[in-house]
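**Q** Not my notes, these are from TrEMBL:
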BINDING   His74, Asp107, Glu170  Zn(2+) 1 binding site
ACT_SITE  Asp76  active site
BINDING   Asp107, Glu142, His368  Zn(2+) 2 binding site
ACT_SITE  Glu141  active site, proton acceptor
DOMAIN    183-289  domain 'Peptidase M20 dimerisation'
Amino acid sequence: MKSSADPVQNLARLIACPSVTPLEGGALTTVQSLLAPLGFSVERPVFSEDGTPDVENLYARRSGNGPHLMFAGHTDVVPVGDEAAWTYPPFSATIHNGEMYGRGAVDMKGGIACFAAAVARYLEKNDELKGSISFLITGDEEGPSINGTGKLLEWAKAKGESWDAAIVGEPTNPDTLGDMIKIGRRGSLSGTIIVRGIQGHAAYPHLADNPIRGLTMLVDSLLYPAFDKGTKNFQATNLEVTTIDVGNPAVNVIPAEASATFNVRFNDTWTDETLMAEIHNRLDKAAGRRKLRPGRKTPVNYDLVWRDRPSHVFLTHNEKLIGTLTSSVEKVTGKRPQLSTSGGTSDARFIKDYCPVVEFGLVGQTMHMVDERVSVADLETLTQIYERFIADFFA
Ligand SMILES: [Zn+2]
């Protein structure tokens, strides 16, 4: 057996690399050492942008005649938190009771370890690949995600790369391996509302203009009514107010300014543009109401500042990709996976602009936690699923 064919060994080597985002930590070098012996040509572009750390990435391709399948993922991991709280050191890859402990075990060095093993096994049985496989691996998924997958895709495209399908190895299964394939993701949009009033004495409110009254009405208009009831493939759009800030230390002073920040997770009823327009519309209407501002002649004086970049909602429609992966999961686990769009955003949001993309990986229960760990048996099962998928995809 080629050394890369053992997912447990692959993962132990990857976990030993302290690649806390944005550090490479030896993790991409390890991926390279798994793939180079399998005939992959490997490149390691570094991307930079003002105000963010430089990040190293990896693109590896083994070419053949036929379709091009991309496996995408990340080797960076979130910080370990309280190291003393770990049962085994977070970069030790200790195996106990059938589980391997380590930061990144499921999110998502485990997925990379399994896919590399699956390719190695496939190539042991088949001399030729009836197509091309590439690994698109970033070190910037858990960080700002500026110098990672988005730029890596642009960089590869500029070199003439194109893909027929992609699978992202993030941990998608809630409880057991085979539960869930993600075929899309909700969009995400954040903004801050800033209301300006007039500071004054709480006993003389007519001389002041309390911005909290206005802000309360504006926030209320975003919380009710619901944006939609959900769609065939998506749960209902949901807006959460994540902070309201006034910072007023005095009980008898009406403050001059108040702000509120919100995050919306939205479904395919909306695009980021239509949702932004809906939010502006609700706020403008609410700003003119008198309910909490009786007698005021002017509407609430507010600004809305959009935060970060919005993540677009997407849903993959590709029978070959979804059908092949579903049947691979079923053949190996005996379970028919649910096709879901739940959860947060992932780097699939960048890939969807280049080719159809789905996500399937390990069980996510311990991701980002102290004592992140993976069942050793699951590593073997996921490797078998990936190998089945590679065989069926290229058949
Ligand atoms: Zn991840």
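In case you wondered, yes, glycine gets a Cβ from its N, Cα and C as well.
Because TrEMBL annotations are produced automatically, they should be read as predictions rather than curated entries.
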**Q** Find, for the listed recorded positions Asp76, Asp107, Glu141, Glu142, Glu170, the residue with the lowest Cβ contact count at a 10 Å cut-off, counting only other Cβ atoms.
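**A** Glu142, out of the recorded positions Asp76, Asp107, Glu141, Glu142, Glu170, has the fewest neighbouring Cβ atoms within 10 Å.
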**Q** Based on Cα distances to His74 (Zn(2+) 1 binding site), point out the closest of the recorded positions Glu141, Glu142, His368.
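**A** Nearest in space to His74 (Zn(2+) 1 binding site), counting only the recorded positions, is Glu141.
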**Q** So of all those recorded positions, Asp76, Asp107, Glu170, which one's Cα sits nearest to Glu142 (Zn(2+) 2 binding site)?
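**A** For Glu142 (Zn(2+) 2 binding site), the spatially nearest of the recorded positions is Asp76.
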**Q** Anything from the recorded positions Asp76, Asp107, Glu170, His368 with its Cβ under 6 A from ligand 1? List those in sequence order.
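**A** Within range of ligand 1: Asp107, Glu170.
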**Q** With every protein chain in view, what's the tally of Cβ atoms within 10 Å of the Cβ of His74 (Zn(2+) 1 binding site), excluding that atom itself?
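**A** I get 31 for this one.
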**Q** In the three-state scheme derived from DSSP, which category covers His74 (Zn(2+) 1 binding site)?
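**A** It is in a strand.
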**Q** Just checking the recorded positions Asp76, Glu170, His368: which sit within 10 A of Glu141 (active site, proton acceptor), CA to CA?
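**A** Among Asp76, Glu170, His368, the ones whose Cα sits within 10 Å of that of Glu141 (active site, proton acceptor) are Asp76.
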**Q** Work out how many Å separate Glu170 (Zn(2+) 1 binding site) and the residue listed as 'active site' at their Cα atoms, rounded off.
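**A** The residue listed as 'active site' has its Cα 12 Å from the Cα of Glu170 (Zn(2+) 1 binding site).
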**Q** Counting every protein chain present, what is the number of Cβ atoms, excluding its own, within 10 Å of the Cβ of His368 (Zn(2+) 2 binding site)?
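**A** A count of 14.
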**Q** Reduced to three states, what secondary structure does DSSP give Asp107 (Zn(2+) 1 binding site)?
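**A** The residue in question, Asp107 (Zn(2+) 1 binding site), is coil (DSSP, three-state).
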